[in-house]
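As written in Swiss-Prot, here are the features:
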ACT_SITE  His63  active site
ACT_SITE  Asp105  active site
BINDING   Tyr43, Gly45, Gly47, Asp64  Ca(2+) binding site
DISULFID  Cys42-Cys131  disulfide bond
DISULFID  Cys44-Cys60  disulfide bond
DISULFID  Cys59-Cys111  disulfide bond
DISULFID  Cys65-Cys138  disulfide bond
DISULFID  Cys66-Cys104  disulfide bond
DISULFID  Cys73-Cys97  disulfide bond
DISULFID  Cys91-Cys102  disulfide bond
SIGNAL    1-16  signal peptide
Amino acid sequence: MRTLWIVAVLLLGVEGSLVQFETLIMKIAGRSGLLWYSAYGCYCGWGGHGLPQDATDRCCFVHDCCYGKATDCNPKTVSYTYSEENGEIICGGDDPCGTQICECDKAAAICFRDNIPSYDNKYWLFPPKNCREEPEPC
């Protein structure tokens, strides 16, 4: 119960696509991004460095790269529009930035879903000192 309260408090200050990203992860992967991916490997969570440790961590690496390629916007605060058709997420709206970020978030959520079988608890709260390798390019 205490953990849920802490998560709720943390969400109070979060706006834009971070909340929407959490929603997409829940819809597509069926699990909470905060509870499963906010502190995993070298790339899931704030920042990112070194080499991705497994397929799940690679999802976050690719997501970071996708955000880095978004033009003229702040990926962590922009809101976006999407709809659901036959169980599929369709990114849309008039804001090109929002559409780019939606596509990044959607791809990451699909990647998380597809890699649930290889999720490894040893990478949860992975020490940053283990992420010192030279990173690969996006």
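Start at 1 and count along the chain as shown; that gives each residue its number.
The backbone N, Cα and C atoms fix where each Cβ goes, and this holds for glycine too.
Positions of the features from Swiss-Prot, shown on the structure.
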residue : record              : contacts (Cβ under 8 Å, 6+ apart)
Cys42   : disulfide bond      : Gly48, His49, Gly50, Leu51, Pro52, Gln53, Asp57, Phe61, Phe126, Pro128, Asn130, Cys131
Gly45   : Ca(2+) binding site : Tyr37, Ser38, Ala39, Cys60
Gly47   : Ca(2+) binding site : none
Asp64   : Ca(2+) binding site : Tyr43, Gly48, Cys138
Cys65   : disulfide bond      : Cys138
Cys73   : disulfide bond      : Cys97, Gly98, Gln100, Ile101
Cys102  : disulfide bond      : Ser17, Gln20, Tyr80, Thr81, Tyr82, Ile89, Cys91, Gly92, Gly93
Cys104  : disulfide bond      : His63, Cys66, Tyr67, Ala70, Pro75
Cβ neighbour count (within 10 Å, all chains shown) around Tyr43 (Ca(2+) binding site)
26
Additional residues surrounding Ca(2+), by Cβ distance to the Tyr43, Gly45, Gly47, Asp64 centre under 8 Å:
Cys42, Cys44, Trp46, Gly48, His49, Cys60, Phe61
Among the disulfide-bonded residues Cys44, Cys66, which residue has the fewest other Cβ atoms within 10 Å of its own Cβ?
Cys66
How many whole Å apart are the CA atoms of Cys111 (disulfide bond) and Asp105 (active site)?
10
Inter-residue Cα distance where the pair is Cys44 (disulfide bond) and Cys59 (disulfide bond), in Å:
8
Which same-chain residues, if any, lie at least 6 apart from Asp105 (active site) yet have Cβ under 8 Å of it:
Ser17, Gln20, Phe21, Leu24, His63, Tyr80
Taking DSSP three-state, what's Cys91 (disulfide bond) in: helix, strand or coil?
strand
Got a sec? Which of these disulfide-bonded residues, Cys60, Cys111, Cys131, Cys138, has the most Cβ atoms within 10 Å?
Cys60
Based on DSSP, name the secondary structure state of Cys44 (disulfide bond): helix, strand or coil.
strand
